[in-house]
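S.K.: Could you have a look at this structure, given as structure tokens, before my questions?
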Amino acid sequence: MLILPTVKGEYQKDYNLKHLTWFKVGGDAEIFFKPLDSEDLASFLIQNRQKLPITTFGAGSNIIIRDGGIEGVVIKLGQNFSNIEFIDNHLIVGSSCLNYNLAKFCQANDISGFEFLVGIPGTIGGGVAMNAGAYGSEFKDIIVRIEAIDFAGNFRTFTNAESGFKYRGNNLPKDLIILKAVFKVNKGDSENILLRMNEINNTRSLTQPIKERTGGSTFANPEGLKSWELIDKAGLRGYRIGGASMSELHCNFMINNGDATSKDLEDLGDFVRQKVFEDSGVELKWEIKIIGKYV
């Protein structure tokens, strides 16, 4: 019998994760845990002593969960981890805050430099973890430091430099759960900020399948190249496997056409990688995270 650590938050067993992902695919979490607060999370981790495997889960926007589900404990930080505070000319933002919500907060408070977040689905924690970026800006451009907890239950802080940000990644330890990000603040004009955000939203509407079941950019851009151009050159715009296809509108976006499985999506992505390599000699790297067990 599985004995779980005593917590104040909520456990659910065999919890279906499909409805939490943007692709609407995937299996169950063996254990799903939403901690009450940082202290509750630390207590769980200390009691667990790294015995049960741990997977962190954000907004589900840039992820494929395999159909066999996830062993161990899936930890999702809820609304209690989404606060936005303005202290000493810095923004302190909980990791479960949506990027869009932070962009809107900054616009309402005449804070510039966060406009690009309106075009990035997902949470602050996920954005930090992958150094997400769009429209000429990345998380590394605005972060001062990161507050996190490791799987042993130790609270840790990393400066921007210590985080080792790089294109769609960082050099942070892998056994971290990001709790907060601290951002520098530059004042701007609310109307100009709103204009830029509207420009970004309009561009997304015209060039990306934002109304479809998708996970955002499928592959990271190789240095000096565009993934969508390589995919298009290989003749894969609109290509379909099962219920999954490459978008006709933007062929670096995969779409669940309504009946796709996780296997359809992963098989399609692997097929695209193979064909692009055969056509251009370039090995595309997944930008979407794939986790879980095969059926």
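Cβ atoms here come from the backbone N, Cα and C positions, even for glycine.
Annotations per Swiss-Prot:
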| type | residues | note |
| --- | --- | --- |
| ACT_SITE | Arg168 | active site |
| ACT_SITE | Ser217 | active site, proton donor |
| ACT_SITE | Glu287 | active site |
| DOMAIN | 24-188 | domain 'FAD-binding PCMH-type' |
S.K.: Roughly how many angstrom lie between the C-alpha atoms of Arg168 (active site) and Glu287 (active site)?
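M.R.: Answer for this pair: 8 Å between alpha carbons.
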S.K.: For Arg168 (active site), just count the other CB atoms lying within 10 A of its CB, please.
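M.R.: Result for Arg168 (active site): 17 neighbouring Cβ atoms inside 10 Å.
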S.K.: State the Cα to Cα distance, in Å, between the residue listed as 'active site, proton donor' and Glu287 (active site), rounded to an integer.
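M.R.: With distance taken Cα to Cα, Glu287 (active site) is 7 Å from the residue listed as 'active site, proton donor'.
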S.K.: What is the total of other Cβ atoms whose distance to the Cβ of the residue listed as 'active site, proton donor' is within 10 Å?
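M.R.: Excluding its own Cβ, the residue listed as 'active site, proton donor' sees 22 Cβ atoms within 10 Å.
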